[in-house]
Amino acid sequence: MEMDTIAAISTALGEGAIGIVRLSGDQAIAIGDKLFKGTKRLEDTPSHTIVYGHLMDDASEEAIEEAMVTVMRAPRTYTREDIVEINCHGGLVSVNRVLQAVLAKGARLAEPGEFTKRAFLNGRIDLSQAEGVIDLIRSKTDRAMNVALRQVEGRLSKKIGKLRQALLETIASIEVNIDYPEYDAETMTAKLINEKMTIVLAEIEALLATAKQGKVLREGLATAIIGRPNVGKSSLMNSLVHEAKAIVTDIPGTTRDTLEEYVNVRGVPLRLIDTAGIRETEDIVERIGVERSRQALKEADLILLVLNYAEKLSKEDEALFEAVKGLDVVVIVNKIDQTGRIDMERVRQLAGENPVVATSFLQEEGVDQLEEAISRLFFAGGVEGADLTYVSNARHIGLLNQAKAHAEEAIAASLTDVPVDLIQIDVTRTWELLGEIIGEDVQDSLIDQLFSQFCLGK
């Protein structure tokens with residue numbers, strides 16, 4: 001497949017020590033040579049080496065920029081094409097000057113994600129690995145990064161490949177039995193199909209069982225902080241964020257809108273939503289905030305319900321317990337540095353199986369216990385382990401669910417008098433759906449949409 005040579009800035013725009021302009025394609029080295037003047041031509045430079053020199057302007061014969069240029073020859077590169085990376089001084093002017101010079105010599109400005117797209121089209125990575133690159137870039141915690149890294153390395157791809165191979169062998173045996181009954185091949189009976197598909201189904205279900213945790217690591221937990229006004233919701237948010245994000249006062253109704261912030265709680269990314277205190281109010285601005293709080297409650301994955309240790313439980317408190325029934329909740333009894341008036345026995349009764357944590361955010365007490373409770377609620381205290389194959393991508397989850405349904409159909413049919421060649425339809429469809437995860441037989445529009453999510457230069 002012949003492609004033109006592309007170029008883009010690969011480092012973040014802004015002031016910095018170094019900026020990188022990356023080229024990829026058959027003419028990458030030749031274009032570099034049109035600009036670069038050093039001790040030797042780039043064409044004569046061995047692969048995977050760096051050379052020092054200057055980028056020159058043909059017209060004025062003056063230097064455009066001082067640079068270190070890396071030459072990497074196909075196929076041992078990110079895209080499996082020749083790659084040249086020009087390392088120049090950081091800064092908007094210098095990096096853009098180099099990019100414009102490269103484009104003037106014949107390179108085309110790359111589209112978002114086009115370098116990774118070429119890695120996919122040239123067979124260096126499959127589609128699930130490419131999606132792992134996006135997750136790696138967007139990781140908000142070390143745990144999320146480790147999971148994404150395993151996907152980039154191909155751990156999910158290998159699992160999918162193993163399942164597809166087992167299905168392919170089953171399909172092949174069925175077809176041999178039908179088309180060449182005289183051959184001495186294994187007879188693929190309905191009973192044997194049942195056994196093989198049961199194994200495949202168990203593997204698919206095992207992958208889907210990781211989806212909830214995987215989604216949490218990829219997208220973060222939408223976490224609503226709720227409670228009556230002035231119980232310490234904003235102080236809780238500030239304790240987890242470690243900065244004064246919300247206004248903390250003794251005046252009820254201070255938080256009149258929802259505030260959002262991402263925080264890392266023991267490897268679990270939380271998208272914290274500090275809601276306005278839920279109460280009846282005549283203040284029109286505060287009332288809008290209260291309505292948004294109720295909406296945030298409906299959309300949350302985790303609820304942090306804050307109570308005041310220094311006050312008796314109110315009807316509003318009990319109504320909040322009723323509102324979050326059936327959801328994942330951590331109950332926080334705050335202000336334990338003050339004289340206690342709350343009925344802790346009643347609190348535990350209302351909390352049921354949900355954890356109850358006593359805190360004083362003013363004195364920084366109980367924060368560690370709170371973080372431990374959140375981590376245990378979703379990861380039983382930890383997510384690290386030898387097997388970090390988590391399914392987190394919505395596209396993968398959807399395809400696995402479809403594959404699961406067809407595997408179940410094949411198993412159900414194998415227990416009836418349905419002919420083997422009809423059972424094969426569901427077996428084949430299971431194989432096809434798993435293939436779509438790694439990029440087999442996917443539409444070009446899907447590929448274009450996926451890579452458009454990348455930043456320029458990746």
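Heads up, the Cβ atoms here are built off N, Cα and C, so glycines get one too.
Residues annotated as (6S)-5-formyl-5,6,7,8-tetrahydrofolate binding site in Swiss-Prot: Arg22, Glu85, Arg124, Lys458. Here the Cβ of Lys458 ((6S)-5-formyl-5,6,7,8-tetrahydrofolate binding site) has 19 other Cβ atoms within 10 Å, regardless of which shown protein chain they belong to. Look at Lys458 ((6S)-5-formyl-5,6,7,8-tetrahydrofolate binding site): DSSP puts it in coil.
Other C-beta atoms found within 10 angstroms of the C-beta of Asn230 (K(+) binding site) number 20, with every protein chain shown included. For Asn230, Thr249, Ile251, Thr254, the entry in Swiss-Prot reads K(+) binding site.
The GTP binding site feature in Swiss-Prot is assigned to 230-235, 249-255, 274-277. In the three-state DSSP reading, Lys233 (GTP binding site) counts as helix.
Swiss-Prot lists Ser234, Thr255 with the feature Mg(2+) binding site.
Summarising the annotation, Swiss-Prot assigns domain 'TrmE-type G' to 220-379. Computed over the domain 'TrmE-type G' (220-379), the whole-number mean pLDDT of the model equals 76.
When Cβ neighbours within 10 Å are tallied across all protein chains shown, the highest count among the binding-site residues Glu85, Arg124, Lys233, Ser234 belongs to Lys233. Annotation note: Glu85 ((6S)-5-formyl-5,6,7,8-tetrahydrofolate binding site) sits in a strand segment as assigned by DSSP. Using a 10 Å radius centred on the Cβ of Arg22 ((6S)-5-formyl-5,6,7,8-tetrahydrofolate binding site) and all shown protein chains, the other Cβ atoms total 25. As a whole number, the greatest separation of Cα atoms within the (6S)-5-formyl-5,6,7,8-tetrahydrofolate-binding residue list Arg22, Glu85, Arg124, Lys458 is 19 Å.
Considering only the binding-site residues Arg22, Glu85, Arg124, Lys458, the residue whose Cα is spatially closest to the Cα of Ser234 (Mg(2+) binding site) is Lys458. Here the C-alpha separation of Arg124 ((6S)-5-formyl-5,6,7,8-tetrahydrofolate binding site) and Lys233 (GTP binding site) works out to 49 Å. Taking Cα separation as the measure, Asn230 (K(+) binding site) is nearest to Lys458 of the binding-site residues Arg22, Glu85, Lys458.
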